[in-house]
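Asker: Shown below is the structure under consideration.
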């Protein structure tokens, strides 16, 4: 039996390679028969896909070559994936869920992303005990970690990078800002800019929800409207926006566009002259530069997570041993007393 993870993050791969890895991993969701053959009977997987990481957590009873095959597929993209099994897999997911492996150490969004990835997987397909246990305990320990360990407010945030970038491009608090998608990252950036005096914030979402900002209906969305800054932060691609084209985006000169999506909403073959397009690679580079300057240290909390992971791993091993013994007993033929 093999319980493990294979993946890449912003450390091992640029945005282009992460996008390609996401497409490869999504094939397991798109092709049920293929994934069943790949992981074998009673095997399954959970995909954790975020702006900064693409990971597949898997369990397989029969295919002991799963790890090497996954590594080969992702390595073919030119990336250098990491892999962990058993206790190391537990420790990795616990560290990820706590936010201590994030680009911005201690950020809280990852807890929700891990939870949504787990819920999606168990809704879409049957998961084995191993994956249920791994994710449930990671979510529990991640929550406990935040309640027990005092983390200082991040020195660098995505909001601060966005604000500084807008300043560099001559944007003011009077400019008109459009947020496409009511996602975590869009809300966080909007809240940060609002606190800095930006008031002309407009959201466009597929969902009909009540929010503390002005809104524009999707049917009325036009990229020729005088939006000075546009933030793409939904899970949609370019084909979901009928009016999305380079011509329309460039219809407002000096427009700044942030594409927070991975894979990107759109890719440009050449750099446009009249607009500025920035993606998550840009955000990552800026954050890492600022972190190097601030010399933020976060390693001191990791032993806490390693200890929690070992404790839950030992519980998992005991439960697996008990399950195996029970299955063995039920599979033995009963002796007839003559």
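A Cβ is built for glycine as well, from the same backbone N, Cα and C atoms used for every other residue.
Positions annotated as substrate binding site by Swiss-Prot: 50, 51, 52, 53, 102, 107, 108, 109, 113. As annotated by Swiss-Prot, active site, nucleophile applies to 51, with the evidence given as sequence analysis. Annotation comment: Swiss-Prot describes 92 as site 'Important for activity'. The NADP(+) binding site annotation in Swiss-Prot covers 181, 182, 183, 184, 185, 186, and the record cites sequence analysis as its basis.
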Asker: Going by DSSP, is residue 183 (NADP(+) binding site) part of a helix, a strand, or coil?
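Answerer: Going by the DSSP assignment, residue 183 (NADP(+) binding site) belongs to neither helix nor strand, so it counts as coil.
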Asker: Given that the record lists 50, 51, 52, 53, 102, 107, 108, 109, 113 as binding substrate, what is the largest C-alpha to C-alpha distance among them, in Å?
Answerer: 15
Asker: For residue 113 (substrate binding site), which of the binding-site residues 182, 184, 186 has the nearest Cα in space?
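Answerer: Sorting the binding-site residues by distance from residue 113 (substrate binding site), the top entry is 184.
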Asker: What are the non-local neighbours of residue 50 (substrate binding site), defined as same-chain residues 6+ apart in sequence with CB under 8 A from its CB?
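Answerer: For residue 50 (substrate binding site), the qualifying residues are 110, 113, 262.
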Asker: What same-chain residues, at least 6 away in sequence, bring their CB to under 8 Å of the CB of residue 185 (NADP(+) binding site)?
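Answerer: Counting only residues 6 or more apart in sequence, the Cβ neighbours of residue 185 (NADP(+) binding site) under 8 Å are 51, 109, 158, 233, 260.
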Asker: Compute the centroid of the Cβ atoms of 181, 182, 183, 184, 185, 186, then list the same-chain residues not in that set whose Cβ lies within 8 Å of it, in sequence order, for the NADP(+) site.
Answerer: 179, 187, 188, 233, 234, 260
Asker: What does DSSP assign residue 108 (substrate binding site), in three states?
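Answerer: It is coil.
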Asker: When you measure from the Cβ of residue 102 (substrate binding site), which residues in the chain that are at least 6 apart have a Cβ under 8 Å away?
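Answerer: Residue 102 (substrate binding site) has long-range Cβ partners 52, 96, 110.
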Asker: Apart from 50, 51, 52, 53, 102, 107, 108, 109, 113, which residues in this chain have a Cβ no more than 8 Å from the mean position of the Cβ atoms of those residues at the substrate site?
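Answerer: Other same-chain residues near the substrate site: 99, 103, 110.
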Asker: Round to the nearest Å and give the CA-to-CA distance linking residue 92 (site 'Important for activity') with residue 186 (NADP(+) binding site).
Answerer: 27
Asker: About how far apart, in whole Å, are the alpha carbons (Cα) of residue 182 (NADP(+) binding site) and residue 108 (substrate binding site)?
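Answerer: Answer for this pair: 17 Å between alpha carbons.
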Asker: Could you check what DSSP calls residue 92 (site 'Important for activity') once collapsed to helix, strand or coil?
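Answerer: In three-state terms, residue 92 (site 'Important for activity') counts as helix.
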Asker: Provide the number of Cβ atoms within 10 Å of the Cβ of residue 181 (NADP(+) binding site), excluding the reference atom itself.
Answerer: 22
